[in-house]
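Okay, so here's the structure we're looking at.
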Amino acid sequence: MSIRCFCMGTYPWSLWPTLSGLRGLLVLGLILGLQTASSNAFYLPGLAPVNFCEVNGKTNYCQSSVELYVNRLDSVESVLPYEYNTFDFCHDFKKQSPSENLGQVLFGERITSSPYEFSFNKSETCVKVCMKSYDTAKEDQKKKLDFLKKGIQLNYQHHWIIDNMPVVWCRDINGGNKYCTTGFPVGCFVPQSGESSDACFMHPEFNKTNTYYIFNHVDITITYHSENEVDWYVSKLVSARLEPKSYKHVDENHLTCNGTPMEIPGDYTDKLNIIYTYSVKFEENKQIRWGSRWDYILESMSHTSIQWFSILNSFVIVLFLTGMVAMIILRTLHKDIIRYNQEDIQKDYGWKLVHADVFRPPRLGMLLSILLGQGTQVLIMTFITLSFRGLKWKTNFFLTALLCPGVVFVDIFIMNLILWIEGSSSAISFGTLVGILALWFGISVPLTFLGAYVGSFQKFDYPVGTNQIPRHIPHQDFIRRPLFSIIIGGVLPFGCIFIQLFFILNSIWSHQMYIMFGFLFLVFIILLITCSEATILLCYFHLCSEDYHWWWRAFLTSSFTAVYFFAYAVYYFFAKLKITDIASIILYFGYTMIMVLIFFLFTGTVGFFSCFIFISKIYSVVKVD
């Protein structure tokens with residue numbers, strides 16, 4: 001469950017569910033940063049260029065061998081990823097795996113070496129890698145073949161790496177454009193209905209029903225840029241592409257890499273040999289330099305116009321809300337304050353009428369404080385732990401440190417059991433679970449206690465006092481009731497993010513790269529403004545109707561955006577994904593609930609404090625008896 005960006009596998013934010021937000025991220029980011037620096041830092045573009053040259057071995061200036069690494073296999077039709085070696089492909093018996101950080105382990109990244117290794121600038125054609133033999137009469141070989149066919153049927157994708165770059169597969173689509181992905185399929189399956197997948201559709205010769213076609217050959221093209229360094233011509237790799245193909249090799253000693261495709265009938269009950277081959281060629285490109293080598297991956301990602309539409313849509317919503325808030329503050333509220341402060345006014349009315357009840361502690365104040373503590377983190381934990389003048393600050397500390405992270409941990413633990421049963425590479429080992437608990441109880445809990453302890457000595461004085469007897473709230477019509485305002489309060493913030501949310505979900509579940517972080521930052525700022533202004537508007541309207549129960553309403557008004565988030569995730573599941581197995585469905589909604597919970601806490605906290613600051617300000621400038 002990761003956002004695929006340029007990093008393609010290094011996720012320094014991967015423990016956000018278990019470390020209670022920002023305070024955990026700060027420490028975990030440092031830990032993972034040190035881990036990444038100590039390892040080979042895979043997938044980090046621009047970190048350390050590798051020089052290649054046509055010499056034997058490795059010198060101080062360059063190396064001649066080009067290694068190909070393989071990562072886990074995943075699918076848009078299943079949430080379960082599998083390690084490369086889980087399938088019966090050609091394996092590297094040396095099996096050199098680079099060090100992986102904790103984020104990669106949690107997200108199932110399993111990088112390992114492969115038997116594909118090339119010499120720089122040495123083109124080769126139809127080279128044999130290995131041969132796999134299957135006898136369906138033998139149970140172990142039949143299981144391997146069945147698992148391979150299952151991977152083809154579910155459209156599992158390879159992910160290969162050369163020189164810290166993903167190897168991309170580009171294909172022509174309508175309009176003469178190219179569509180590039182960082183994965184390529186194991187094969188394709190033509191069912192009895194004849195409705196083949198995309199990979200089979202692009203090959204007219206793949207036309208037999210109830211037949212599996214395996215891509216057992218790849219044509220790899222590696223592009224490099226040469227330059228002179230210290231009187232030595234060296235080259236840097238700037239792109240890596242491949243084209244998967246299927247060939248039925250008849251004689252392993254005389255390979256031609258052409259002819260009929262490699263077919264596996266659905267009801268095959270005989271012996272079968274699959275020979276894996278590759279061809280590689282090197283091309284020099286004098287225009288593309290190493291610093292911009294990742295640009296080739298973005299050839300088919302022309303989503304800029306859609307992103308600008310999203311920004312414009314969100315900007316219009318912000319303008320509308322800002323205009324409403326400005327009108328209230330500059331006109332209505334300003335007039336109210338002047339009128340309330342006139343000495344000849346004998347009777348209070350409007351929002352001033354509830355000044356003695358507006359800061360009355362809410363029902364379930366402990367729970368609200370816990371949720372806000374999770375949302376605001378350690379920087380303002382000093383303020384929030386006793387914001388309702390509670391005496392049970394120790395209970396508050398324990399629940400704040402354990403409630404929401406505990407719910408997330410139980411969710412992850414249950415999903416990890418499913419992953420372990422299914423044999424997925426995303427299954428977390430017992431040692432990793434112990435490490436997560438150590439980070440939780442060794443970092444998050446002590447920092448929460450520190451914030452609660454310091455907060456127990458702080459005092460916050462409200463601008464107005466509170467009467468001992470609560471004021472009666474007049475009857476409220478339907479549109480002024482809490483439920484209605486909470487439901488409509490989340491509409492506008494969600495309207496600002498739903499287009500961006502589509503791309504984020506695509507990056508998580510459809511394994512597409514997410515690169516528009518500039519747009520995402522703008523949408524994030526717009527979301528903060530929208531949550532704040534929508535909550536302030538509705539809060540003011542309720543105060544004017546003499547309803548002073550604003551605490552929970554302020555939190556739930558903006559946090560209801562998470563409900564729309566969940567509804568959109570359900571729509572995305574049925575409309576965009578093709579997941580059918582029970583385990584993947586449970587995992588999808590399990591991970592989605594974690595995201596919804598974090599988003600619920602975040603947006604609710606923004607709305608609450610916006611309303612709190614607004615109310616504190618307006619009641620501090622009026623005269624009360």
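Cβ atoms are placed via backbone N, Cα and C, with glycine included.
Note that the structure is a prediction, hence the values are computed from the model and not measured.
Here is what TrEMBL records for this protein:
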{"type": "TRANSMEM", "residues": "308-330", "note": "transmembrane segment"}
{"type": "TRANSMEM", "residues": "364-385", "note": "transmembrane segment"}
{"type": "TRANSMEM", "residues": "397-421", "note": "transmembrane segment"}
{"type": "TRANSMEM", "residues": "433-454", "note": "transmembrane segment"}
{"type": "TRANSMEM", "residues": "483-505", "note": "transmembrane segment"}
{"type": "TRANSMEM", "residues": "517-543", "note": "transmembrane segment"}
{"type": "TRANSMEM", "residues": "555-574", "note": "transmembrane segment"}
{"type": "TRANSMEM", "residues": "586-615", "note": "transmembrane segment"}
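Listed as Cβ neighbours of the transmembrane segment (308-330) (distance under 8 Å, sequence separation of 6 or more from its ends, same chain) are residues 492, 495-497, 499-500, 519, 522-523, 526-527, 529-530, 533-534, 536-537, 540.
In this chain, the transmembrane segment (433-454) does not touch the transmembrane segment (586-615); fewer than three CB pairs sit within less than 8 A of each other, excluding pairs fewer than 6 residues apart. Same-chain residues lying 6+ beyond the ends of the transmembrane segment (555-574) with a Cβ under 8 Å from its Cβ atoms: 368, 371-372, 482, 485-487, 489-491, 493-494, 497-498, 501-502, 505, 509, 531-532, 534-535, 538-539, 588-589, 592-593, 595-597, 599-601, 603-608, 610. Panel annotation: around the transmembrane segment (517-543), residues 5, 307, 310-311, 314-315, 317-318, 321-322, 324-325, 328, 333, 350-351, 354, 358, 480, 485, 488-489, 492-493, 496-497, 500, 504, 549-550, 553-554, 557-558, 561, 603, 606-608, 610-611, 614-615 of the same chain, lying at least six beyond its termini, place a Cβ under 8 Å from a Cβ of the stretch.
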